[in-house]
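Colleague: I'd like to ask you about the structure that follows.
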Amino acid sequence: MNGSKSPGLAGFGVLRNTTCHTEKKISVFFSIIFMTVGILSNSLAIAILMKAYQRFRQKSKASFLLLASGLVVTDLFGHLINGAIAVFVYASDKDWIRFNQYNILCSVFGICMVFFGLCPLFLGSVMAVERCIGVTKPIFHSTKMTSRHVKMMLTMVCLFAVLIALLPILRFRAYQIQASRTWCFYKTEHVEDWEDRFYLLLFSCLGLLALAISFLCNAVTGITLLRVKLKSQQRQGRSHHFEMIIQLLAIMCVSCICWSPFLVTMARIGINESRSKETCETILFALRMATWNQILDPWVYILLRKAVLRNLYKITRGCCGVHIVNLHVWELSSIKNSLKVAAISESPSSKQINPRPLSSRGQ
């Protein structure tokens, strides 16, 4: 697609000399295992989230559950589509010239890799922003963050990720078959053109920005909850806030650990141009690390639920034989009281209310 290159031969230059080899039988086996585990895990997480969404449909937690469901559904389709293409490539002995003469499959693979890579990162940051608003501005959140607005946000995030994925195609730039011959992405070898560098830097910068927004919003949310806990003497209604914050922190940690190597590697290739020393094995390892994100994400919602955490606490307390702390925050099932606590604790009138001493009853 680039000038003198015909569409049928675009991206095949890397197939001639490659030093990155993968064992076919082992690769096919692990690809099938990862795809199956990812599909089952995400399906179970979707069932749990949808059941919770039906319970809290008219409450403030519904917006968080809707965003979380969108994240898990995206991970599910990412495993299903990318995994199926990867298994087909391995099963076909990576003979791209035979089944990809017009570069259609490689383009589809590359678009899916970019979309299903950026979209979960964007959704994770949107969830962190939503929870930050819900904790710091509960009245605004309860009146403005309706299900309709959340669905619009989901649509906008997906459309933006689709636009980024289609950008090379719209600019008549073909996605390239990578040196391992197992996947397609932006050009990562002999990157000299400014546009190829731009795509790599755009992808990595957007991903790192999403992680940074998640970190910042989660930090603000956590500090605000601690302040409310210290100011207010009431011990009610904080269970769902803490449950969602624990899940958000876990999502953020998983995303940072899994995606940082790949995002940093792509940024280094884009910055260093043709002088980049990133090997095929390094890129492939970073890609596999990123793939684990879609497997671990659903287990955050499966394991880090209130009921599971309460049982784990009971087991831990039984094993230790001592009473560590009274987990009163896990007793209630409504988020309404936590919104009242956050609103009352910040209002000036709450500071004027002083409880009457106990000794006055006898007077």
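Cβ from N, Cα, C; glycine included.
Those TrEMBL annotations? Automatic predictions, nothing curated.
The transmembrane segment annotation in TrEMBL covers 26-50, 62-90, 102-129, 150-170, 198-226, 246-271. Marked as domain 'G-protein coupled receptors family 1 profile' by TrEMBL: 41-301.
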Colleague: Please indicate, using numbers and ranges, the residues of the same chain that are 6 or more beyond the transmembrane segment (62-90) and have a C-beta under 8 Å from a C-beta there.
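Modeller: Distant Cβ neighbours of the transmembrane segment (62-90) are 24, 27-28, 31-32, 34-35, 38-39, 42-43, 45-46, 49-50, 52-53, 56, 96, 105, 108-109, 112-113, 116, 119-120, 123-124, 126-127, 130-131, 134, 141, 145-147, 149-151, 153-154, 158, 181-183, 244, 247, 251, 293-295, 297-298, 301.
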Colleague: Select the range from 26-50, 102-129, 150-170 that forms the most Cβ-Cβ pairs under 8 Å with the transmembrane segment (246-271).
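Modeller: The listed stretch sharing the most Cβ pairs with the transmembrane segment (246-271) is 102-129.
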Colleague: Can you check how the pLDDT averages out over the domain 'G-protein coupled receptors family 1 profile' (41-301)?
Modeller: 86
